[in-house]
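Peer 1: So TrEMBL lists the following for this protein:
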| type | residues | note |
| --- | --- | --- |
| DOMAIN | 1-325 | domain 'Glycoside hydrolase family 29 N-terminal' |
| SITE | Cys255 | site 'May be important for catalysis' |
| DOMAIN | 337-425 | domain 'Alpha-L-fucosidase C-terminal' |
Amino acid sequence: SLDARPLPAWFDEAKFGVFIHWGVFSVPSFGSEWFWWYWQKEKREPYVKFMQANYPPGFSYEDFGPLFTAEFFDPDQWADILKASGAKYVVLTSKHHEGFTLWGSKYSWNWNAVDVGPKRDLVAELAMSVRSRTDLRFGLYHSLFEWFNPLFLEDATNIFKTRKFPTSKSLPELYEIVTKYQPEIIWSDGDGNAPDAYWNSTGFLAWLYNDSPVRETVVTNDRWGVGSICRHGGFYTCSDRYNPGHLLPHKWENCMTIDKKSWGYRRDAQLHDYLTIEDLVKQLVETVSCGGNLLMNIGPTHDGRVAVVLEERLRQMGAWLNLNGGAIYRTKPWRAQNDTVTPDVWYTFSPEEGRVNAIFLNWPLSGTLELGEPQPKLGETQVKLVGYEEPLKWVALGEKGIVIALPQLTPTQLPCQWGWTLQLTDIN
């Protein structure tokens, strides 16, 4: 019955959101946000060596807590960058698998951002700035399990026949963040190999959908216990960096990250580790054509900065959406997702205007673009290039297909630099 709840319309219309992975793992900012696990549990050599070379013997992961300082964290500045990105929602990691909460949780004693480190309620500050300065919806990521929490480890030893951890920590935290911050997305993660019954996910979701302060507008993902991913929930994520390349029957989201190797900030990242704006526009267009949303991740630094390279990518995306957003926001998938003749052409449909959008990612050298999917009507079909005044000339290719003459433009005259939108009206 939970799956029968209709997904609030705003989520499908939004198409693009920004994910923020921030926490104590931002202090070592080495390798991955899974630093603690790779260092202590798997004892991976690069992590062990990094600690031996840079920290005194006996230094524990908990000792990173006070070093998570956030002294440069300016929530207004973050909100302005998010607004400039063209995103319609943001999802902040309220707590990752390390168990450290970015708000002063009364269920996470002495391992939260108000007691340790910044001594600030980071969730409250960002929520307030986002809501006062932008029209973005505010969402929170929350990890169900915690790698090294003794209560969770005890339950796991008992093959989840006991439920000390969810009843005393995980569930109370979820109720706490919903009641306190009223997020419109709950992005759950990290089932710890335990079933949804152990987490009482259905009990929580029933409250969220029926009685919580966000019951009308909240959306949830599909990570609520073993076996629920890609099968239950408001929208499906299926896996990280999920991009099926074809239309899915259920609303889905492609959560991916600008840094190809990590979700958290890495000081050792090289320029080629970051996706280019061309890569990101391609991801967005492919995802939206196939009915998905793109959730694009950044990892801020321990002192609260959004690295300049990440800010640049966000602002570039915003500049592209500022021009081409009509082919992205509020669109529906068309009968064809991509073109059969020319590669790297993706379609969306704007129902309000009755318009087909063809987004092409490579400007053809020939100056003409051949599309195999549209069926034009002689004397009626109009083709426009977004950002260019004059309608474009075209010829039909028999029953199906169209050849479009693109304008001869110098690089500075192009409406944008990466990915261009053709608007086709009055086609079959």
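Numbers here mean position along the shown chain, with the first residue as 1.
Every residue, even glycine, has its Cβ placed from backbone N, Cα and C.
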Peer 1: My understanding is the cutoff is Cβ-Cβ under 8 Å with a sequence separation of 6 or more in the same chain; which residues meet that for Cys255 (site 'May be important for catalysis')?
Peer 2: Phe19, Thr237, Asp240, Arg241, Tyr242, Leu295, Asn297
Peer 1: Please give the average pLDDT for the domain 'Alpha-L-fucosidase C-terminal' (337-425) in this predicted model.
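Peer 2: When the pLDDT values over the domain 'Alpha-L-fucosidase C-terminal' (337-425) are averaged, the result is 96.
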Peer 1: Tell me the residue counts in helix, strand and coil for the domain 'Alpha-L-fucosidase C-terminal' (337-425), as DSSP assigns them.
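Peer 2: Computed counts for the domain 'Alpha-L-fucosidase C-terminal' (337-425) are 3 helix, 35 strand, 51 coil.
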